[in-house]
């Protein structure tokens, strides 16, 4: 036995020395593509955005002389600061509604449907609207919500209302309706996934220990689904905070979110000002995601 | 006292539990032995209320609980997979039942504290109260699961293969400890297992279940020495069972006629315990013994004893157990011809229906 292992080490020695460089630096070599990618497409653009936000902007030109002017304009203007507040308001409302609508749906799919096949079918059904383009999904709300839209016609014919409801379209309400419909599925998915992973034996154990269904939900099912809620909330938040298309399509350009302002500023080549809003949005998202991740330790739960 | 009367349950038309009658006394250790698929887990889940029986009644201390929901039954159920709550620490897991039960929850946190600590002491986990359950070993999880159930002071504690997931060493320690814990609390344990040694070692009484029917309910030594049914003899895994015919008070095994006084003519089974038979090679069987020719196959060493495997001339495998405290081991070459013999008074006879000749008719209410 020992006689055989000694020469084996001898032959393996040189081979190992040849690959020494790769062996010793394998961690960094494997990380390199990722690092290069992130630096080129995340760190550098972010740095550029912050840098450009301090550039001097005049009506027709932009120069790299550093100034706080764009920042001052943003925070002192009723229009722009108001857009920030409106963005936050719509984000909170949409987040709350997607949770209120999404959680029961996920609960049904993840807990009440025990058949894995049916679960999959139901989740796929939730995604079917995504087979059409984003713009079509948004614009399809117009004939639904308009003054002579489907909802008003049905309600009028049923005699529930005598005048068509005007607030349905081209208001904040229509923006909220559109966004909730589009983003609710991003809440349902992660929550349903976490709920489906809850072992049936936990629920049986809790029941056997004397807990009622409501107690089991509060103490077992909901806490265990919380990581799914957080992931869903992050998805919805990131998408809603950067939204501009739904707002412009369903509000008739009356509801301006930060995203819409970026679009118009870039359209009129006001790069410095657009960069200011970009930085503000990025900071808000970082705070929101950081805050949500504090709610639950995702690394431990997933 | 927990009583089952003609409890029946079928899944998709296939009977899992078939008209089971059973009485579980207060303060006893009951083991339930059955092969997988015998319905033993179903029986446990029916008692716990996790399944509803198709017919029959279950009553606890005279009160009918057949259809009462699980959380109002006051029976404890320790699951094979433990079912610990992964988002809570050990203390909160154990305190769950006391804090959150529907009936008579304990609001006073110092009282919860006192009871949970006492229970953790009893199961030997007093140091681990703040650990998350993910950081526990299998044996510790088992204890947490047991403590969590016992702290609610159930009338009967149902244990579904509680030692199944533990390694052999731990398994032996837990057998002793389970009995100790049970005696300290005076609560009835009903312990389901597929392992005959466990069932024999732990129970004050033992139930043998197969195909959803109770085959025998008796103290373990009775089940071991006098199995009521040939299937029970098979499950305790201590008998050589010969299949053949009886005629004129003799069991016909190939050319040999084994005395079987009292057995009715027709198909029958003849059983002899592994440790009641001896091997003869170069010596004659003693006077009055029954002997059959056999071929040596192999041996298995188990520390304090040897198992010898032989083949009878009709192909039946025959096992002989030899305790080294009583006899020295023998060593034979595979293929050696020898004789196996035993005292015919040690043999058991079973009729065509599998029931032991001379056994009392199986009464459900044991």
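Along the chain as shown, residues are numbered 1 onward.
Note: Cβ is positioned from N, Cα and C throughout, glycine not excepted.
Bear in mind that TrEMBL entries carry predicted annotations, made automatically and left uncurated.
These features come from TrEMBL:
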TRANSMEM  A:27-54  transmembrane segment
DOMAIN    A:84-289  domain 'ABC transmembrane type-1'
TRANSMEM  A:90-109  transmembrane segment
TRANSMEM  A:121-140  transmembrane segment
TRANSMEM  A:173-195  transmembrane segment
TRANSMEM  A:216-241  transmembrane segment
TRANSMEM  A:271-296  transmembrane segment
* Asked: Are there 3 or more C-beta pairs under 8 Å linking the transmembrane segment (A:121-140) with the transmembrane segment (A:216-241), counting only pairs at least 6 apart in sequence?
  -> no
* State, in range form, which of A:27-54, A:90-109, A:271-296 has the highest count of Cβ pairs under 8 Å to the transmembrane segment (A:121-140). => A:90-109
* Asked: For the transmembrane segment (A:90-109), which stretch among A:27-54, A:173-195, A:271-296 has the most Cβ pairs under 8 A?
  -> A:173-195
